[in-house]
Structure formats: C-alpha cells, structure tokens
C-alpha cells in the first residue's frame, strides 16, 4: 500500500518536472555548482548614449556640422545660401565685413588700419562743425564763421513776422503793434511795476488799497481796536456733549424725580421679577427665533 503511494507521488513529481522543463535544455551554469564556472559575458553598452543622438539623414540640410578648426568662429555658410551674406574672410573675421560694390554709395569703406578707430577729422576743421555736402546745402545754409557764437541771422522772407527789438528796449516789454493798440492801451513806464488801475465801473466793489500799504495787511479801523472779537467765546460742541454724558452718569434713572410736592418716588414693579404678558406655549416671534410671544411688552420692548 505504501509502496504504491510512493510510486504514485514519484510519478507525479516526474510529470511536474517534465511540464516545467517543456523541452528547454538544462542551463549549464548554475550559481550553486562547485567549483564555480565562469559566467556568460555581459553585452557591451552602447557608447556615447549620454551625448546627443545622431542627426537623421533627412534633417542634415538644416544645420551643417561645424568643422573642428572653426568651432570657435562662425559656422560656414551653406552653398545654397551664399547669396544672402557673402562669407567673411578668415583674416577679417574680427573686423567689420567689407561693403558690397553696389552699396558703396551709402557709406564709404573705412580703411583697414583704422577700422577699430573713428575716422580721422581734418586738421583745419577739428574745432568746427563738419562741412555740409554739396547736395544738402539747400536744407540749412552754412553759418558764417564770425556769427557762430551769436544768434543765427533771420532769413529775408521771415523778417515781416516779428520785428527786431531795439537795443535800448530789449529789457522792457516789446512794443505793441499799431493794429492792436485799440485792444489794450499801453501802460506808462512809471506804472509798470504797480498794480493796474481799477476801471470806473468796478470802483464800487473793493476800494483801492493805498500805495504805502500794498505790501502790508489792510489797516484795522480805529473804532474796532478796543472792542471784543466779533465771535463770542462759547464752549465747543464736544464740551457740551461730554457735560451731558457726565450728568447722565451721575443720575439715578430708576427713580422718578417727581415734583416739588410729592418728591421722588420709585417704580411700581419689583426689579427682579419679570412682568407677565399673557403668552403661553411655544410661539414664533417676529424674527422666527421661537423665543416667545410676538407682541411687545407694555414697556416698549426695552
């Protein structure tokens, strides 16, 4: 009986082992074999995976690779884009690029030995303004040498706008033209530093201030120097309010002052007993709080 059971369990183990292997060869290397056998070789890693991936073939036309000897310079211009900007020669890359032939009429080229400086100023014009080209002399005429430190001369066709001011009147007001003399009459010379006179139709508004008191305050009439000020000295509104508060704190509000015959008398109700109002049960008041009867007590609700 026991032998048959052992045989059955052995057959079961063999069948399970056959199912687990399922035609696979047994591995030759095992970590628990002794002596240890050499492990299988590890496949090499892809080198340069930490760099940029290679550029695909269909995108190599975007930016050409920079040669090793020119990586510190500007990248070379592709062949199909050389019509935009001509290439800069190697010996002039630190200078300004040469000006094309068709643009030399804009700005003349700077000499090679002076490209890093400013163009030289002629010796005889270093303290003056640069000369005006021939084709621009009609814009602004040149200023004569003897008048450069003065005001520029007035052109002939503009002399009718503002007449010149005479030398002896430059510190005064300019003269009034003849056609505008009817607008404002001229002010005499000895009154220009004073106040203008008050017209006749406005003399009833404010009397003129005397000349010797214009820089002072107006004089105080003699009959008011000894009088009291016009506004009487009354306590302020805040002082009156504080006085009423103090009087209210000192009074007994629970007592009736009464009259002269009967004297003060106290209130009828007891201070600790509330007054009944005839309400019973749970009723809702005016604000739906459920605190009692909606009608007010006889005292007014306070």
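Any Cβ shown, glycine's included, is placed from N, Cα and C.
Looking at 81, 112, 200, 212, Swiss-Prot tags one of them with pyrrolidone carboxylic acid, and that residue is 81. The pyrrolidone carboxylic acid entry in Swiss-Prot, when matched to the candidates 103, 157, 178, corresponds to 103.
For the annotation pyrrolidone carboxylic acid, the record in Swiss-Prot points to 92 among the listed residues 57, 92, 156.
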